[in-house]
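Per Swiss-Prot, the features are as follows:
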- 367-382: compositional bias 'Acidic residues' (COMPBIAS)
- N152: N-linked glycosylation site (CARBOHYD)
- N314: N-linked glycosylation site (CARBOHYD)
- 367-387: region 'Disordered' (REGION)
- 1-18: topological domain 'Cytoplasmic' (TOPO_DOM)
- 40-45: topological domain 'Extracellular' (TOPO_DOM)
- 67-114: topological domain 'Cytoplasmic' (TOPO_DOM)
- 136-177: topological domain 'Extracellular' (TOPO_DOM)
- 199-210: topological domain 'Cytoplasmic' (TOPO_DOM)
- 232-238: topological domain 'Extracellular' (TOPO_DOM)
- 260-275: topological domain 'Cytoplasmic' (TOPO_DOM)
- 297-325: topological domain 'Extracellular' (TOPO_DOM)
- 347-391: topological domain 'Cytoplasmic' (TOPO_DOM)
- 437-466: topological domain 'Cytoplasmic' (TOPO_DOM)
- 488-492: topological domain 'Extracellular' (TOPO_DOM)
- 19-39: transmembrane segment (TRANSMEM)
- 46-66: transmembrane segment (TRANSMEM)
- 115-135: transmembrane segment (TRANSMEM)
- 178-198: transmembrane segment (TRANSMEM)
- 211-231: transmembrane segment (TRANSMEM)
- 239-259: transmembrane segment (TRANSMEM)
- 276-296: transmembrane segment (TRANSMEM)
- 326-346: transmembrane segment (TRANSMEM)
- 392-412: transmembrane segment (TRANSMEM)
- 416-436: transmembrane segment (TRANSMEM)
- 467-487: transmembrane segment (TRANSMEM)
Amino acid sequence: MQSNTDSSGTSGTYSQTVGLLYVFNLIVGTGALALPKAFQSAGWLLSISLLTFSAFMSYVAATFVIEALSVANAVLSKKRRVEYDDVVVADGPSTFEIAKKVEVSEMASMFLSKVSLVFSYFAIIIYLFGDLAIYSTTVPKSAMNIVCSTINATIVKSSDPCHESWPEILTRMTVYRFFVIVFVVVVCLPMVIAGITKTRHIQIMTTLSRWAAFILMISLATMQLSSQGAAAHPPAYNFHGFGSLFGCAVYAFMCHHSIPSLITPMRTKENVFGKIAVVYGIVGVFYFTLSLTGAFAFEHVQDIYTLNFLHDDNTSLVYSIIDYFLALFPIITLTSSYPIIALTLINNFKVVKDILCPKTGQENESLLEADNQVEDNDTDDEREARNGNPKTIFDVLVPTLVLALPTFLSLLTDDMLLLASITGSFPGVAVQFAIPCLLVTAARKHARSVLNFPVPRKNNSPFQSRFWIMLISSWAGFSMIMVLLNLVGVKF
């Protein structure tokens, strides 16, 4: 897909401040809802240390993606000059200007070997599967807790009845599973079939609701701490909670797959590395405030933090409205995002099939087509009809698998913290750390050997030494081992 932004004009562009705000909104997603529980489980000092280091590693990887993006633009610039026999303009710093959006998948196709390319696609696919499982768990669990009796009074079990007056068969888990089926089959399946994606109005609505929800949660927890004192006293560190904390930390700083879509339209990229570092710092402070207030304000933090604000019946009307708004917040935001992730996942399967079993004349698609899905009005059926390609059993099995597997995982467990930690720890590590390292290593080599010009200092990541790539790789490997040991029950 081609970008709507013309490289020579300003159509579709925005100021650097707006672009940085988009980056902030992209990072601060619903993954933050699992952080307070992870903070309380792992301890406040370990949580602050790990989240700080994870944020720094995530920032380093983000600069790698931006540097690879500049090299990709130089490759396209050289290709255009060759096509038009423009031998006057030589390779130079200006060719590395980020003027055209090149998705992560396109950069992978430019720079990586077939093995690394397939690895990148599979990493994204597994990560998106985890994303869908988190979505199809968070929404039904929020709905179940709205319908069932409040969870703040006592610690409840999934086997407890939804209401004391209801039949025993209608346990909280039964009601939760009912909402899983309703959410996937009744709500999401029609949107996926119809190819419905997020519109600008829905994007504005979800952004406003996200800001309102996070500000309300921080304010309410702070008020509770100031009036009632700390309800819980988390330890400074608890290494047994390392696994869930690390996975949530990776998941909370995930933005790398969408960096090209946000950086390219900026009218100026002056000092972009430094300003993105400021964004990461602000996000870190925001996460610390949200997580620490929640970890100390509530005796038992829920894995979906918004559920802690479902008060007893004796609260005022204003508090009740706020509480139910917070409980509905994940339902509103995730329902609008589910079809985008599902359609992106379906497209990724098709791309992997084309890589492994190539067809003559088959058009390559982007690895992450969330933005392109909005711009492309043709459905898959219309494209296939135009190209004369009838539906195959693969075209039927893939959408079925995309919806069925995450739904099955959600039916097995309602532990969103577990799903977020696994998704962030394994495929998330590949998406956030491994793929950027592979891209920047190959892009730097391509710039020296093929373009015969080093990446200009303006477009260079501040982390040029191979030490940083080795550090990220070592950190990712160590963390994955720690997570695996925690999952199998090894005590520290």
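Using N, Cα and C of the backbone, Cβ positions are placed for all residues, glycine too.
Small disclaimer: the values here were computed from a predicted structure and weren't measured.
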What are the DSSP helix/strand/coil residue counts across the topological domain 'Cytoplasmic' (437-466)? 17 helix, 0 strand, 13 coil
Hey, would you say the transmembrane segment (19-39) packs against the transmembrane segment (416-436), going by three or more CB pairs under 8 A that are 6+ residues apart? yes
As a test of reading the model: what is the averaged pLDDT for the topological domain 'Extracellular' (136-177)? 84
Long-range environment of the transmembrane segment (239-259) - Cβ separation under 8 angstroms, sequence gap at least 6: 23, 26-27, 29, 31-32, 34-35, 37-39, 41-43, 46-47, 50-51, 54-55, 58, 61-62, 65-66, 69, 104, 124, 280, 283, 287, 367-368, 370, 417-418, 420-425, 428-429, 431-432, 435-436, 479, 482-487, 491-492
Ranking 115-135, 211-231, 276-296, 467-487 by the number of C-beta pairs under 8 Å to the transmembrane segment (416-436), which range is first? 115-135
Taking the transmembrane segment (46-66) as reference, the highest number of CB pairs under 8 angstroms among 178-198, 211-231, 276-296, 467-487 goes to 276-296
For the transmembrane segment (276-296), the distant same-chain contacts (Cβ-Cβ under 8 Å, at least six residues beyond its ends) come to 20, 23-24, 27-28, 32, 35-36, 38-40, 44, 47-48, 51-52, 55-56, 58-59, 62-63, 66, 214, 217-218, 221-222, 225, 230-234, 252-253, 305, 308
Within-chain partners of the topological domain 'Extracellular' (297-325) [C-beta distance under 8 Å, separation at least 6 from its ends]: 32-37, 39-40, 138, 141-142, 145-146, 150-153, 155, 212-213, 216-217, 220-222, 224-225, 230-232, 290, 415-418
Sequence-distant contacts of the topological domain 'Cytoplasmic' (260-275), meaning Cβ under 8 Å and at least 6 residues beyond its ends, amount to 3, 5, 10, 12-16, 19-20, 22-23, 26, 63, 65-66, 69, 97-104, 107, 370-371, 458, 461-462
Would you kindly list the residues that approach the topological domain 'Extracellular' (232-238) from elsewhere in its chain, counting only those six or more residues past its ends and only Cβ-Cβ distances under 8 Å? 39-46, 295-301
With a Cβ cut-off under 8 Å, give me the same-chain residues at least six positions beyond the ends of the topological domain 'Extracellular' (136-177) that come close to it. 30, 33, 183-184, 188, 300, 302, 304, 306-308, 310-313, 324, 327-328, 330-331, 334-335, 338, 406-407, 409-411, 413-416, 419
